[in-house]
Amino acid sequence: MIEADRLIQPNIIERDEIEAVDRAMRPKMLDEYTGQDDTRAQLKIFIQAAQKRGEALDHMLIYGPPGLGKTTLAMIVANEMGVNIKSTSGPVLEKAGDLAALLTNLEPNDVLFIDEIHRLSPVVEEILYPAMEDYQLDIMIGEGPAARSIKLDLPPFTLVGATTRAGALTSPLRARFGIPLRLEFYNVKDLSSIVTRSAKVMDLAIDDEGAIEIARRSRGTPRIANRLLRRVRDFAEVKHRGEVTKIIAEEALDMLDVDAEGFDYMDRKLLLAIIDKFMGGPVGLDNLAAAIGEERETIEDVLEPFLIQQGFIQRTPRGRIATPRAYSHFNIIQPVS
């Protein structure tokens with residue numbers, strides 16, 4: 001299992017991330033949202049069109065690696081539409097009654113946000129189909145031969161589902177989302193803007209180079225950038241006069257064992273396992289998981305995406321392969337095949 005205090009783990013939310021300062025860091029409207037330009041442009045059109053027609057926005061599926069702002073986007077959609085948002089997650093909705101209670105309390109055009117929607121149970125998913133398509137809720141009354149089905153009308157609403165594993169959704173559920181949106185890793189420029197904005201909310205002095213250095217080591221992920229910013233702030237307040245510069249950011253992040261590529265101990269452990277234990281690969285996912293003592297799902301969902309996107313690992317039909325860039329990162333000469 002990945003350590004709970006892994007600084008760059010994007011799917012762990014720190015306790016202080018739900019406090020007021022973190023809520024203030026989140027953009028409230030699309031104009032405040034940084035990055036994901038294509039997604040933002042599409043959403044503006046869809047929201048304005050729905051508002052002109054006086055209708056609920058079409059159901060929306062937001063997918064991509066953890067920490068890229070899926071929850072934030074759902075809240076922005078509700079704010080832009082001027083409606084309420086009710087939030088839950090797939091594992092929490094164990095029974096059909098859990099979902100029915102949420103649906104029957106929605107006001108017209110409200111947003112229902114379901115995180116980890118790929119983890120919905122089949123019985124809950126079945127209830128969701130008519131609710132999404134016809135705004136109706138099918139409920140069974142009674143048991144056995146006396147059981148009967150009744151239909152309850154629901155107000156028009158927008159379901160926003162979020163997932164890191166879009167492929168794990170069943171085809172019938174995936175087909176019912178009219179607006180699929182994929183979030184990509186952020187570039188350094190956009191991330192540095194997010195770091196600068198967050199520092200302002202925290203009343204922290206930071207120069208452009210300091211923000212860029214934190215952004216460079218944040219794995220393209222805003223959640224990680226904000227987490228690293230907090231730790232750099234601690235370092236700056238204790239070791240220096242509180243202002244974050246490039247040198248201070250470098251010192252702090254080096255001390256935290258986050259290297260220039262944004263890798264920590266687990267990333268390096270995975271790459272070195274492929275290079276040293278499996279001679280650069282290919283290696284199957286199960287063997288790799290056993291070699292580093294990690295679950296295969298964690299490798300697939302948390303560790304691999306950024307390493308693949310940055311060109312350190314290749315995924316082939318025969319398994320994972322370390323690329324020349326991975327060898328170069330550790331100053332290891334790649335053997336000739």
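The backbone N, Cα and C atoms fix where each Cβ goes, glycine too.
Within ARG174, ARG176, ARG197, the residue that Swiss-Prot lists together with ARG26, GLY67, LYS70, THR71, THR72, GLU133, ASP134, TYR135, TYR186, ARG223 for binding ATP is ARG176.
The Cβ of ARG315 (DNA binding site) lies under 8 Å from the Cβ of GLU304, ILE308, ILE321, each on the same chain and at least six residues away in sequence.
Across ARG26, GLY67, LYS70, THR71, THR72, GLU133, ASP134, TYR135, ARG176, TYR186, ARG223, which the record gives as binding ATP, the greatest C-alpha separation is 37 Å. A Cβ within 8 Å of the Cβ centre of ARG296, ARG315, ARG320, the residues given for DNA, is found for these other residues of the same chain: VAL283, GLY284, LEU285, LEU288, ILE299, GLU300, GLU304, ILE313, GLY319.
In the region 'Head domain (RuvB-H)' (260-337), helix, strand and coil residues by DSSP number 41 helix, 9 strand, 28 coil. Model confidence over the region 'Large ATPase domain (RuvB-L)' (4-186) stands at 88, taken as the mean pLDDT rounded to a whole number. Counting residue by residue with DSSP, the region 'Small ATPAse domain (RuvB-S)' (187-257) contains 51 helix, 2 strand, 18 coil.
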